[in-house]
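In TrEMBL this protein carries:
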- B:20-443: domain 'DUF112' (DOMAIN)
- B:20-49: transmembrane segment (TRANSMEM)
- B:61-82: transmembrane segment (TRANSMEM)
- B:109-135: transmembrane segment (TRANSMEM)
- B:147-164: transmembrane segment (TRANSMEM)
- B:170-188: transmembrane segment (TRANSMEM)
- B:200-224: transmembrane segment (TRANSMEM)
- B:323-347: transmembrane segment (TRANSMEM)
- B:359-386: transmembrane segment (TRANSMEM)
- B:398-431: transmembrane segment (TRANSMEM)
- B:477-495: transmembrane segment (TRANSMEM)
- B:506-532: region 'Disordered' (REGION)
- B:521-532: compositional bias 'Basic and acidic residues' (COMPBIAS)
Amino acid sequence: MTAVHANATTGARSTGRAPGWVRPKTVFLTALLVVLAVYTEMAFALEWRTAAGRIGPGFFPRIVGITGLALTLWSLVAAVRAPAAEDEVVALEDEVGDADLGKHPRLLALMVLASLVFLVTLVSLGAIVSSAVFLLAMLFLLNRQHLLLNIAVALGLPLALYLLFQTLLNAGLPEGVLPRF
Amino acid sequence: MDVFDNLAAGIMAVLTPGNMLLLLAGVMLGMIVGVMPGLGPSAGLAILLPLTFTMDPTGAVVMLAAVYYGAMYGGTITSVLINTPGESATVASTFDGYPLAKAGRAGPALVMAAVGSFVAGTVGAILISVAAPVTASVAATFGPPELFLVVVLGLLTLVVIIGGNRLLGALSALIGFAIATVGIDIGTGQQRYTFGSVELINGIDFIPVAIGLFGVGEILHTLWRGGHLEKLGYFNVSARSRGFWPNKKDYKESAGPIARGSLLGFFVGATPGAGATVASLMSYNLEKSVSRTPEKFGKGAMAGLAGPEAANNAASSGAMVPLLTLGIPGSASTAVLIGGFMMWGLQPGPLLMEQNPEFAWGLIASMYLGNVMLLLVNIFCIPAFASIARVPFRVLGPVIIVVCVLGTFTVNGSIIEVGIMLACGVLGFFMRRFGLNPAALVIALVLGPMAEESLRQTLIISGGSFDIFLERGTSQVLLAAMVVMLALPLAGKGIKKASSTAMARVGRKRRDDTDVDANAGEDREHDKVGSA
């Protein structure tokens, strides 16, 4: 096992020891519970039945909201009471791959943040420029050893996609700072 | 006779140079998507859906169906060469596919998988040609109560059969239903959960949700678990090498598994909610149980690859039956296809085949032609697609995010939808991480409006009484099916034990027969030596 693998494995194993109520899954389910509670509360502001006796706009949301709340609460209790080892659910395909490369929450957060910047700048900078900036930043972060390849991909791909969606299919991508072509 | 007439008309509709090109492009794109790490057929379909906006529905569905089959097979290439299934339906292909590649038999494994996929796809197309009109004629008699129950039954099957945590599966479906309630209530015209936003009046489109959950969500999850650090150990495959083609023994060993896998896969796939993953795993277990040499399974048995491959492709055809006849998607990929139907102005449901025969039969016809195309592309382009599988995730990840963002923007030119897509990407990551089921969410999102509408109509017919579900014959049958489905997890262990005992008995009998044959052969050899 390489040093990266060893560190990664250690890092991964150390995550399961937190008490049930502060584990990531519990936090996620609590957030979901809050969202569903707000959803259900709003559903009760909608009519259950119309004046004509038909089902109202609140009928379906109330059923969905209450059932959702019940299931989330049940899952939450199960998650808090479950042993730490069961905190992580591994998908079927993950089990097949043999490498444990650790968990990378910081990198994940950076990718989400970069995607948000991409979203915010998409209209103002345009599809080509904002895509190129996003690609340059992320490729520099993930694929540092291949600078030339990164630049080629960051410039070539947005241009190719623009030609496909805008020039060929006339799909209406934002032009931003560059003129439309 | 109608079937042949309709099928002939469908084939004629598809056999235009433009559609043939779309078929070829679809197969190629599908295979590219399938071999990309972290992308499966559902993500591929969702991302490529915007490309079909400007096409006529028949051309669009021909291309997307080809993407669907192509992506299914693309996953096999990575399963065999790098032990990484593109999606769960090809997990079973790694069990013996990768050991075959390790033994230097990657070429025969991939060609045999392609042949198995072709046979299963063609068997599936023949079966769907017969089953779809029959099911459609039954479904045409369904009223709103039956339609509502079919939707619930489909979701119930998905939650029960797919396995994992059923509670979280049901919760995922409810989140999908909740998202589906955003927008104008059809019955009263009142706005729900729009928060005054004009963009949300028409509801949350399912395309950004599907692209986010399957595309961005997968990428985020792969990145989180270190996909960018992965050093892929892969096997080279070249059509020019001597050992590229399967030998007679391979064909002989695979014939039975392919035949069994094709039939099993079709019927499992046609069950709403079951699908290709269940079919391929069932086929693997079946083949291992009835094999004369079960000890070879997991070590490179051709039957262990050919059976699940056939089953997974036949299931893809089978999944089209509930899609075309009931408007019920049985899997995440078919949920994306049904979203496409709506986008092209078609109304999925029991009347789809009746009202749009050229479209429905064009789709069925494209399965016949698509399978031939897939076989040719598969066999001659395996080495080229294998090289795509070697593009590392650290480059592909950001590229796929850009494709998802620009693809979503092109749907309605809405930046809000891009935001929804990214938010769903983050949700998809957490759903995968904590065992929720993104497929159930997307299917519920697609079916939500149909469920609400059919329930509303049902209660209008009955004057607000739920007794209507107990009074109608077909509803009673569907309710009974739901009870069976709910009881299945309780009876599951017993059924599993009984079926594995029965299969083990068949396998033992086959092995005994083989021993008798071998002993008889040895005796003959001894006699010959003795007489000499």
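Cβ atoms are placed via backbone N, Cα and C, with glycine included.
A quick note: this is a predicted structure, and the numbers were derived from the prediction, not measured.
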Message = Please report, as numbers and ranges, the same-chain residues at least 6 past the borders of the transmembrane segment (B:359-386) whose CB is under 8 Å from any CB of it.
response = 6-7, 9-11, 13-15, 19-20, 23-24, 26-28, 31-32, 35, 57-58, 61-62, 65-66, 69-70, 73-74, 77, 81, 107, 110-111, 114-115, 117-118, 121-122, 124-125, 128-129, 132, 234, 236-239, 317, 320, 324, 346, 352-353
Request  = May I ask you to check whether the transmembrane segment (B:61-82) and the transmembrane segment (B:200-224) make contact, with contact taken as at least three Cβ pairs under 8 Å and only pairs 6 or more apart in sequence counted?
outcome  = no
Task = Please work out which recorded stretch in B:109-135, B:200-224, B:323-347 has the most C-beta pairs separated by under 8 angstroms from the transmembrane segment (B:398-431)?
result = B:200-224
Message = What residues elsewhere in the chain lie close to the transmembrane segment (B:200-224), defined as a C-beta under 8 angstroms and at least 6 residues from its ends?
response = 37-40, 42-43, 46-47, 49-50, 179-180, 182-184, 191, 193-194, 332, 335-336, 339, 343, 393, 397, 400-401, 403-404, 407-408, 411-412, 416-418, 420-429, 431-433, 438, 441-442, 445-446, 449
